[in-house]
Amino acid sequence: MLAYLVKRIFQAIGVMFVISLIGFAIQDNLGDPLRELVGQSVTEEVRQELREELGLNDSFTKQYTRFLGNALHGDLGTSYFFKEPALDVILKKLPATLELVFGATLIIVCLSVPLGVMTAIRPNAILSKFIMGASIIGISIPVFLTAILMIYVFSVGYGWLPSFGRGDVVHVFGDWDTNFANVDGLRHIIMPSFALASIMLPLFVRLIRAEMMEVLQSEYVKYARAKGIRPWRIYFVHALKNTLLPVITVGGVQIGTMVAYTILTETVFQWPGMGFMFLEAVNRVDTPLIVAYLIVVGFIFVVTNTVVDLIYGLVNPTVKLARLGA
Amino acid sequence: MSLLSVRDLTVKFAMRDGNVTALNQVSFDLARGERLGIVGESGAGKSITGFSLMNLLSSPGYIADGTIQFQGQDIVNLPDAKMRNIRGNRMAMIFQDPMVTLNPVLTIGQQMVETLKAHRRLSKAEAEQIAIMKLRQVYIPSPEERLMQYPHELSGGMRQRIVIAIVLLLDPELIIADEPTTALDVTIQADIMELLLELCQSAKVGLILITHDLGVVSQMTDRTLVMYAGRIIEAGSTREIINDPQHPYTQGLINALPQQTAPGQRLKQIPGSMPSLTAVPKGCPFEPRCAFATDVCRSTPPEIVRHAHVEVACHEVNRLHAPQQEGQSA
Ligand SMILES: Nc1ncnc2c1ncn2[C@@H]1O[C@H](COP(=O)(O)OP(=O)(O)OP(=O)(O)O)[C@@H](O)[C@H]1O
Ligand SMILES: [Mg+2]
């Protein structure tokens, strides 16, 4: 177990290293930091001096090592626009994004399992066929279109739900304000969460359905029937556990991916999270912020993947973690 | 009253291009505590017969005709909840491959306890006591520890013993064993068969043993059915069938046994192969491979009739056996 853990952590560090390299390469090639810092009016001599002072004339390796060293100390540069450490800017926006991802995950988990199981055990029911048809539509419509349609119907049309912002949030601690503490907050997070879930949810329904149907054909399910086990126990104890094992792995990766999908959702709903911030940073060519965003998102991605792998090892009795580590 | 009485059982598969008949008017009886072997080549319909008895055919297969009476009760049209009370309880089945019959994510204990609880009102502790007792009966060492283990922690032979223990949990009257040892090491095969025989004999349990090994059948069973292309072509006491087979196909099977062949000689295989279900000849299904086939064999399917000490479905059986029997009686 320990060996496996150490191995996975080393892999994660390797991936983070590559991400940092990419981040640095972007910073190195995107825009001129001097122009952002001092504007046009400064003479060439002063510029050269500043360059030397900032270490911009150093070799690539030297600059990269410095970048990495700073990053390890939590210094990902200073945002040109906010004049604040880039990491601080992002961390302030992080809770809003994580709450959105959490809302979408909640929707996916709560709906995909019952819908996937239902369509698998009653493949010919009209409701199953409707769900499968709807899932195809859900997958093929881009997130921003779904979001705009939802605003059009539920905000503009019926006026049921607010169309932008986080609404009335409740302060928890630090930079964390939550949408989940009062009705107004909840009303604001419903549509963005559904929009964010709109691609993953149908994907998961189909994935669970396909896995479940395969499991239902297996010998051990047939054997459970031959033992006289009740159908609901066969579905939810014998089949579902075997169905969800592979789904967990895919699922964890997808949650990581959803952090990136938030860019679109947050922009449409003016959700003050880091995806919205990222798009603004791109518009302003705020290079340190862009790079910091990439590194933070990469970090979240790597952490979720590692955790998911470890959980998979824990819940699946046939995966011997000790052996995997060897 | 017999334990099991099957009459004209016909099973079909609904295929895109029409139905195919997988079992054709199969009839047989099983007395209480009797052991019956079903032999035949791959695809003959042995497993389909076993699953039909459990009323466990999965689509596209369905029972198109016939009756199955288990202890006087017709189970073909039994509501699912009632059938569930019989399965695993009064009639239990052992599957072919123990590596895939146990659920990989449930412990042995969970899989045993759930079986008991499906049929009896018992506490978990009581159920575990019974499970441990049954594991002892099939010679599983330290059964208490086994209950906590997952199937993948055990060897194939051990898993099949556990499957047998699960089958015994509710003291069934009939056990259907579908090639219970084909997936196991040769060395373990004999052990498992011996165990099964011992358990059936001591508890007077009826056994239907499905296999293509005539040697096993001769050691294990009282009576034998020989199946070919979804039909019974010969039925009778195992001893008669092994010693004096009547149907040319059964004779071929017995001649192909290694014991019947001198060392170094090639095994005498029956030439040709069994017809697929979509292309069964309109006369006798065995006719294309039969050395004694005549015109009537090509045109009319033979009825199963009493001959010598067995029942046999062959037009030419009189001609085949006449000289031998005259010789014997003279
Ligand atoms: N799901 C199915 N759909 C269509 N045909 C099937 C299906 N299952 C079985 N069959 C057909 O039914 C016939 C009998 O199959 P069965 O499994 O009973 O053979 P068997 O005698 O048990 O053979 P084996 O020794 O290989 O186990 C076979 O020809 C097979 O092709
Ligand atoms: Mg079979």
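Each Cβ is built from the backbone N, Cα and C atoms, and glycine gets one as well.
For A:94-312, the entry in TrEMBL reads domain 'ABC transmembrane type-1'.
If you look up TrEMBL, you'll see A:9-26 (among others) marked as transmembrane segment. Within the same chain, residues 63-64, 67-68, 71, 287, 290-292, 294-295, 298-299, 302-303, 305-306 sit at least 6 positions outside the transmembrane segment (A:9-26) and bring their C-beta atoms closer than 8 Å to a C-beta of that stretch.
Residues 125, 127-128, 131, 179, 189-190, 192-194, 196-197, 200-201, 204-209, 212, 235-236, 240, 243-244, 251, 255, 258-259, 262, 265-266, 271, 273 of the same chain lie 6+ residues outside the transmembrane segment (A:100-118) yet bring a C-beta within less than 8 angstroms of a C-beta in it. Per TrEMBL, the feature transmembrane segment maps to A:100-118 (among others).
As annotated by TrEMBL, transmembrane segment applies to A:130-154 (among others).
Taken from TrEMBL, the feature transmembrane segment applies to A:189-208 (among others).
According to TrEMBL, the feature transmembrane segment maps to A:243-264 (among others). Beyond the transmembrane segment (A:243-264), the same-chain residues lying 6 or more positions past its ends with a Cβ under 8 Å from any Cβ of the stretch are 97, 100-101, 104-105, 108, 113, 116-117, 142-144, 147, 196, 199-200, 203-204, 207-208, 211-212, 215, 271, 273-276, 278-279, 297, 300-301, 304-305, 307-309, 311-312, 315-316.
Note on the transmembrane segment (A:290-315): residues 4-5, 8-9, 11-12, 15-16, 19-20, 22-24, 26-27, 30, 71, 76-77, 79, 86-87, 89-90, 94, 245, 248-249, 251-253, 255-257, 259-260, 274, 277-278, 281-282, 321, 324 of its chain, located 6 or more positions outside it, place their CB under 8 angstroms from a CB of the stretch. For A:290-315 (among others), the entry in TrEMBL reads transmembrane segment.
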